[in-house]
Amino acid sequence: MVVVAILAAGRGTRMKSDLPKVLHPLGGRSLVERVIDSVEPLSPSRRLVIVGYQAEQVKTGLQSLHLEFVEQTVQLGTGHAIQQLLPHLEGYTGDLLVLNGDVPLLRTQTLEQLLQTHQTNQNAATILTSHLPNPKGYGRVFCNGNNIVQQIVEDKDCSPAQRQNHRINAGIYCFRWENLAQVLPHLEANNAQKEYYLTDAVTQVGQVMAVDVEDYQEILGINDRLQLATAYEILQRRVKEQWMMAGVTLIDPNSITIDDTVDLQPDVIIEPQTHLRGNTFIQTGSRIGPGSLIENSQLGANVTVQYSVITDSTIQNGAKIGPYAHLRGHAQVGANCRIGNFVELKNTELGDRTNVAHLSYLGDATAGTQVNIGAGTITANYDGVKKHRTKIGDRTKTGSNSVLVAPVTLGDDVYVAAGSTITEDVPNDSLVIARTRQVVKPGWRKKSGES
């Protein structure tokens, strides 16, 4: 049995932000959400998040995850933070996994290894360590040949010889809670910062073993925007390598970004300068980009998208989107549709084989199958107070520069003459002309007296 505690009380002053550090986004998820994601496969019995700075904002940002929150009203160090758990874990006899809310790149496999080593060896504590190329600023961990920790020395207290040791404390621990609970009340703040350090407890609980993480990048903490950008680069490399190995083609990967919440099927091709975000799913054979943004959208097989923005929308097999189209607000595009340049769809549903080829806005509309929307067709959906729907039947064709003033319904097989403004419903099989008659006055200029 394991309980997880996540330290998320710090202010993060080096971020220079009003937003709590742990809520800063990294590839579509906040830093602390990524930490929470990494422990979910461990099936912890409880997930406790220790909050302090802007506690209510952090709670609100995580409320959908059904966590337990423990407040550290004054931030007096990591040991003090874990002391706040004492009344919440009274009588608990299992293990406590302690993580930092600003270390978002940890893999679940690493935590599984830490927990397995801890439980197999019946350690009082097991700590995660790593060998850094440049360990400056990190506490050094000294072990015997069996990885039993002999000493942890803070960087500022290291002798020149001790600084040659590049094995550092990652600040991630697994404790036998009964042992730790006995030590926590006796921690002392005997340091310049007058803080209570969890490392002081580590040396007092009993046998402590160290486990090395293979990739030191996993334990990188985020303290400023530069480190946030570095973490994003690492995360993107992981995600893109995963998809390329799974049969997805990325043309110029360095110019492409993909959230790790995105799902792609084999034989998808992603062109340069394309960005895939949120809960996006793209099926096999689709070609996306160049220069496109797709967010929280589902695309079928063999869809093509060029230089377009698609959010919160669904596109069926074989549709062609762009260039320079904008789909949003739960747009639904049927199979083998064509959405051309400078077309915007908002909260609009199109049936199969419907074309909106260029220069049109369809908002709050429904169009059937094999509809052809002429260039410059607009649905006037807003009356200044509320929005209304437009309904267009199967095989209907609108001429160029038509305006459909909602609420209005066009039946099946309707022809709308170019330049018409439609304000009333049109029955099936009709030609509708709603424009003023052209008047030509020969010789008007001379008769008017204009020179």
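Cβ atoms are placed via backbone N, Cα and C, with glycine included.
Feature list (source: Swiss-Prot):
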REGION    1-225  region 'Pyrophosphorylase'
BINDING   7-10, Lys21, Gln72, 77-78, Gly139, Glu154, Asn169, Asn223, Arg328, Lys346, Tyr361, Asn372  UDP-N-acetyl-alpha-D-glucosamine binding site
BINDING   Asp102, Asn223  Mg(2+) binding site
REGION    226-246  region 'Linker'
REGION    247-451  region 'N-acetyltransferase'
ACT_SITE  His358  active site, proton acceptor
BINDING   Ala375, Asn381, Tyr382, Ser400, Ala418, Arg435  acetyl-CoA binding site
Nonlocal neighbours by CB distance (under 8 Å) for Lys21 (UDP-N-acetyl-alpha-D-glucosamine binding site), same chain, sequence gap 6 or more: Gly10, Arg11, Gly12, Met15, Leu31, Gly101, Asp102, Ile222, Asn223
Outside the region 'Linker' (226-246), six or more residues from its ends: residues with CB under 8 Å to it: 15, 24, 26-27, 104-105, 217, 220, 253, 256-260, 262, 264, 266
CB contacts for Asn169 (UDP-N-acetyl-alpha-D-glucosamine binding site) [other CB atoms within 10 A, all chains]: 25
Residue distribution over DSSP helix, strand and coil in the region 'Linker' (226-246): 20 helix, 0 strand, 1 coil
Cβ neighbours of Asp102 (Mg(2+) binding site) where a neighbour is any other Cβ within 10 Å: 26
Nearest-integer angstrom distance between the alpha carbons (Cα) of Arg328 (UDP-N-acetyl-alpha-D-glucosamine binding site) and Asn381 (acetyl-CoA binding site): 15
By Cα-Cα distance, the member of recorded positions Asn169, His358, Tyr361 nearest Asn381 (acetyl-CoA binding site): Tyr361
Least Cβ-crowded entry, counting other Cβ within 10 Å, from the recorded positions listed as Arg328, His358, Arg435: Arg435
From Leu7, Asn169, Ala418, the binding-site residues whose CA lies within 10 Å of that of the residue listed as 'active site, proton acceptor': none
Of the binding-site residues listed as Leu7, Ala9, Gly77, Asn169, Tyr361, the one whose CA lies nearest the CA of Ala375 (acetyl-CoA binding site): Tyr361
Set of same-chain residues at least 6 away whose C-beta sits under 8 angstroms from Leu7 (UDP-N-acetyl-alpha-D-glucosamine binding site): Ile50, Thr78, Ala81, Val98, Leu99, Asn100, Gly101
Integer Cα-Cα distance in angstrom, Gly77 (UDP-N-acetyl-alpha-D-glucosamine binding site) to Tyr382 (acetyl-CoA binding site): 56
Span of Ala375, Asn381, Tyr382, Ser400, Ala418, Arg435 around acetyl-CoA - largest C-alpha separation, Å: 22
Distance [Cα-Cα, Å, rounded] between Arg435 (acetyl-CoA binding site) and Ala9 (UDP-N-acetyl-alpha-D-glucosamine binding site): 66
